[in-house]
Amino acid sequence: MPNKSNKMKFLVPLISVFLGLLIGGIIMLISGYQPVEAYVALFQGIFGGSYYFGETIRQMSPLILSGLAVAFAFRTGLFNIGVEGQLLVGWLAAVYVGIFVDAPAIIHIPLAVLAAGVAGALWGSVPGILKARFKVHEVITTIMMNYIALYTTNEIIRNYMLAPGERTENIKESASLASPFLQSITEYSTLHFGIIVALIAAVIMWFLLWRTTLGYELRAVGFNQHASQYAGINVSKNIVLSMAISGAFAGIAGSMEGLGTYQYMTINAGFTGVGFDGIAVALLGANSAIGVILGAALFGGLKIGALNMQSIAGVPTELIGVVIALIIFFVACSYLVHWLMNRVNRGGKI
Amino acid sequence: MSFMDILALIIPAAIVSAAPLIFTALGGVFSERSGVVNIGLEGLMLFGAFTGAVTIYYGEQFGLNGAAPWVSFVVAMIVGALFASIHAVASISLKADQVVSGVAINFLAAGLAIFLTKKIFNAGQTPVISERISKSNIPYLSDIPVIGKLFFTNAYLTSYLAVFVALIVWYVLYKTPFGLRLRSVGEHPMAADTMGINVKKMRYIGVLLSGALAGLGGAVYVASISGNFTHSTITGQGFMALAAMIFGKWHPLGALGAALFFGLAQAISISGAQIPGLQDIPKVFLLIAPYVLTILALAGLVGRADAPKALGTPYEKGKR
């Protein structure tokens, strides 16, 4: 029944989003807000003008990349919760190249993005090596690596790159992804060229997974490690590679912040949250490149729309965090959605 | 500054920062020993901190005075268990991916706690409480030379409660039939099922207990350390407790020792500047020490840490 499972692939996320928004509405109702007014404000905050549209797309670029990072590792049967840490390391590397290297933009930008990717890949490959060599579960090591990244990047900024305001200096003009043109057509939003980098990355992920031998091996390891081993695939090598590539996507997500949105890196008191959102994006997008783009569009939109929802309907933006959490729950509990669907179907027939 | 002065500075501070970690890590032991991964400890602890802060604040209004923090501990345990029941339903009954469900718990707790704080207090944080758990000397024990000064002077009662609870958890897990059943469900659920143990029920109990203890950990953090709840009150303590549990090899007393050790690292990173010899060590090494050590422990470089066998796999009756 390939058709039915294909249908479910679309239905589960759609129903999950619906249920998430529904329960979010109920929470608003119980706490004395106007859910209809709030959701109208939310959607106006996403589509109500080119400024909001620009902001949504800007928000999407790191989300797409962190979603790709999680999804790529998932395909090899690995759960990369360390996107947050790899993102910080990539952010720092991109800003470092942006500040200390002199080059024309045509070289400088790719170099900075590449540096971010390499830094993320190195950071990501550590849990990969630990998994391949010592059979340590990657979930725990990636969480630990997140904190190591947070404190280490802060320390490096504090000691070597500090500028007034608990941050680094601005990157050079030649490394910047910011675009006056894109800003001017979106009523001066913070939109930058990063979205192009993100979309290219999505194509690369699709091509790698589905059009190369490496991708075939990676997916085979994800389906069944023992069978892959038996077929002569080097499982250890694939685990390390998968984590490295996943980390590279995450690192480039960091360069979106460093080269695009902020143009510098701050001393972070806590995590950015983009890496954790990547888990939600990948889950919702069923770990496919196109799904990740759609998932990032939804969550990026929700996050930007939430600002309008707060100013018009007075609902705290955190409600959207709750809705996103609920959506993750329902996608994770697809068992429940299947069960509900069966009940509804049966009810319709009888 | 003499060596004794240094110890007198660090050890009480270490025990204070360790207490919330100990409670939460013990919660993790219950859940993971029953076979359910609980990445959601962070969120459960966060929601416990929120519940604790709110309960103490209103407890003060109702004139509970010194009893307010203790009432809040009970409330936070109940709320924590209720919150954990979401994780239990998702990962045990609905067979969701336990890690994903845990991640969702973290999102949900963070979002909901701040949302409710803003709704109730119209501000980003709860009011600072005045009824904290206060420092006190333990009668008699504080008179013991050397040890008394280090361990029983100017200490919080909650810290000793934490150590005591760790001993209870050890007794329950290793010396009672209930503990044997809980551990067997985490090692080999099918064998346990064959012996007539209700796998789902045991796992539910494990997860709910983890929620109660993590909630308690959060409330203790508010009552003894932070004094109110903001978005930055719980940032990583839950994950550090998770690390302590693993570093302690999924054993209650191991978790206790690891949490004390991580507390020591935190205490040194805070007050290290006053200590000769430690001033020169960059703070960052102390900050990352718990995480690096956990990774090394898992890699088998600091004693091998093996997870319960059935950890992370939902149990399906009749599945081979």
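Just so it is clear, glycine is given a Cβ too, placed from its N, Cα and C backbone atoms.
Panel annotation: around the transmembrane segment (B:6-29), residues 38, 41, 44-45, 149-151, 153-156, 158-159, 161-163, 165-166, 169, 173, 209-214, 216-218, 220-221, 224-225, 237-238, 240-242, 244-245, 248, 250-252, 255-256, 258-260, 262-264, 266-268, 270-271, 274-275 of the same chain, lying at least six beyond its termini, place a Cβ under 8 Å from a Cβ of the stretch. If you look up TrEMBL, you'll see B:6-29 (among others) marked as transmembrane segment.
If you look up TrEMBL, you'll see B:36-58 (among others) marked as transmembrane segment.
The transmembrane segment annotation in TrEMBL covers B:70-92 (among others). Counting same-chain residues at least six beyond the ends of the transmembrane segment (B:70-92), those with a Cβ under 8 angstroms from any Cβ of the stretch are 31, 36-38, 40, 43-44, 47-49, 51-53, 55-56, 59, 64, 98, 101-102, 104-105, 108-109, 200, 203-204, 207-216, 218-220, 222-223, 314.
Residues or ranges marked as transmembrane segment in TrEMBL: B:99-117 (among others).
Per TrEMBL, the feature transmembrane segment maps to B:155-174 (among others). Listed by sequence, the residues of this chain that lie at least six past the ends of the transmembrane segment (B:155-174) yet keep a Cβ under 8 A from its Cβ atoms are 12, 15-16, 18-19, 22-23, 26, 29-30, 33, 133-138, 182-183, 213, 220, 223-224, 251-253, 255-256.
Positions annotated as transmembrane segment by TrEMBL: B:204-223 (among others).
The transmembrane segment annotation in TrEMBL covers B:281-302 (among others).
Beyond the transmembrane segment (B:204-223), the same-chain residues lying 6 or more positions past its ends with a Cβ under 8 Å from any Cβ of the stretch are 19-24, 26-36, 38, 41, 44-53, 55-56, 69, 72-73, 75-85, 87-88, 91-92, 129, 132-133, 158, 162, 165, 182, 185-186, 229, 233-234, 237-238, 241. If one looks beyond the transmembrane segment (B:99-117) by at least 6 residues along the same chain, the residues whose Cβ comes under 8 Å of a Cβ in the stretch are 37-44, 46-47, 49-50, 83-84, 86-87, 90-91, 123-126, 229, 231, 238, 312.
Here the transmembrane segment (B:36-58) has Cβ contacts under 8 Å with residues 20, 24, 27-28, 68-69, 71-73, 75-77, 79-80, 83-84, 87-88, 91-92, 98-99, 101-110, 112-113, 116-117, 120, 126-127, 129, 131, 203, 206-207, 210-211, 214-223, 226, 228-229, 233-234, 236-239, 241-242, 311-312 of the same chain, all six or more residues outside its ends.
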